[in-house]
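What Swiss-Prot records for this protein:
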- 87-96: compositional bias 'Pro residues' (COMPBIAS)
- 165-185: compositional bias 'Pro residues' (COMPBIAS)
- 192: phosphoserine (MOD_RES)
- 195: phosphoserine (MOD_RES)
- 290: phosphoserine (MOD_RES)
- 308: asymmetric dimethylarginine (MOD_RES)
- 441-532: domain 'RRM 1' (DOMAIN)
- 444: site 'Required for RNA-binding activity' (SITE)
- 488: site 'Required for RNA-binding activity' (SITE)
């Protein structure tokens, strides 16, 4: 078949006679099988230029003819390794190739010399195409499948045009025109068996973009039969070639194909071919003209996207618990937990906030309250409205913090894990333009030099803001020196405490600052601020808080936090659902007492029966007193106010046989019985009377 093309170059035969002659001519089986995989160039290079082709692509090289003119052939697997003659050499005269001889460029149009130059020269803006082709902005130019197209627009494009064009008369012999090499006609393409139908605009866009004139035949049905036979014979050859894609892994990263081996382990959806010579079979979700438009679908089964040198590992690149749907994490909102995580897909802020609010309002187990207070449920709000003020528990937070968890989740560094973090490096939060206090304005300073006085202490800390130095029994002692080497700094502004914390050095979870005295220079002293978030801790938020199951713990060391008190009591008696540290309503510093609420009566009775508890935690080891917490606004449990005129009951019997509030009349009546005459009533003393702190809802 190739000898006929070369020996009949001087004389032109009619097109129908060429097709009839090709159908009658017997072809060896090897020639037919090599036909689809050996596309012919539209130009005939010189003999010395074709010498490198068999060495680099031996599988695609046909038997070399004996004539001086040889047809250039390229490998179907490596479109990037196309060997075409330099553009400076004038090509010899061409003739229209027969449909049986002009084979399809298979997966890309870069196999022909003219089309390859069009890709290389016209893909980048500002460079004039060498071959005279022109790119239209309004038509997608599917030059190579990696630039946004699929295989269907290229395979069988010319053959589709043959069926739509009426058969013209036999072409007359035309003289060769060596002066017009840019108008070289590409080889005729034949339809791929894998793509029986073509997109309606594929041929229009390709023809308009490149201005190539299809090679028309007088017998399209005959050419279709030849094309179908050749394509069917090439099925086994093409499939065997793609099955050996692992062996040509190095060829994808050849100099003519610098982008082929890039990101082999990534998601093929992210692989966007941006370089010339990218390997065939790498799809791209972006259109070269309009990146927002995805390419049209195709029936072609693409070859493997990227050859991998090693098998993929089964472990995901994200943690498995990131996609849980039990609301146990805040990484992805509920709407996005069913699909893989995509860093380029920014979900809406509204969904994120609603998801965090829903997660924060779920029952808290072993979590701290944020510094402005816990995210309150409806039952929690009801309990605090009725009992929190009577119990003297100070909640230093506006109510809006409980409704919107934005500040708590984004600005609170220790939210959700405050039991393990000190929260000393957290900045002061702001809400609605108003600063929200995070620390008490009263700061403990320990390890002072023995010869330092009040004025020297004030001078050492005045740079952080206005303050007053105080220590226990200062007014009675009339001394200018702290008696036990420690003092309290009372700052006027909470921001001064934050500045002091920022200036300290942290070691083993403790803060230190160097202070000088007349005899000691730069002595490290311990700075111990009180974080307001350490005042309350919820062990089990699913249980209601019952003030009649709450105990009072006296003599609590001031460094002890609510979480530590809850852990100690839960370890001893179990059933702890809440623990709180009593703080001063003005300075919000611990007063040395705490309260623990239990979820069951057994734990409550066990705690009050012990009377004393040994608190041990880190450096703390102290024996404290435990007794029932007495409320002063309870009605008599015996008469319900009928005998006392509706007054509150002043007495509470802490004996396990009673555990009730009594008015004076009922107390005398009940405890006059045998076995109860030794019960002692508990009375709310004036000094221990709780203060009613109204909620700050705004």
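Heads up, the Cβ atoms here are built off N, Cα and C, so glycines get one too.
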Mean of the pLDDT scores, which run from 0 to 100, over the domain 'RRM 1' (441-532): 91
Between residue 488 (site 'Required for RNA-binding activity') and residue 444 (site 'Required for RNA-binding activity'): CA-CA distance (Å): 5
Those residues of the chain, 6+ apart, with a Cβ under 8 Å from that of residue 488 (site 'Required for RNA-binding activity'): 442, 443, 444, 445, 469, 470, 471
Secondary structure composition of the domain 'RRM 1' (441-532) [DSSP: H/G/I, E/B, coil]: 26 helix, 31 strand, 35 coil
Other CB atoms, at most 10 A from the CB of residue 444 (site 'Required for RNA-binding activity'): 18
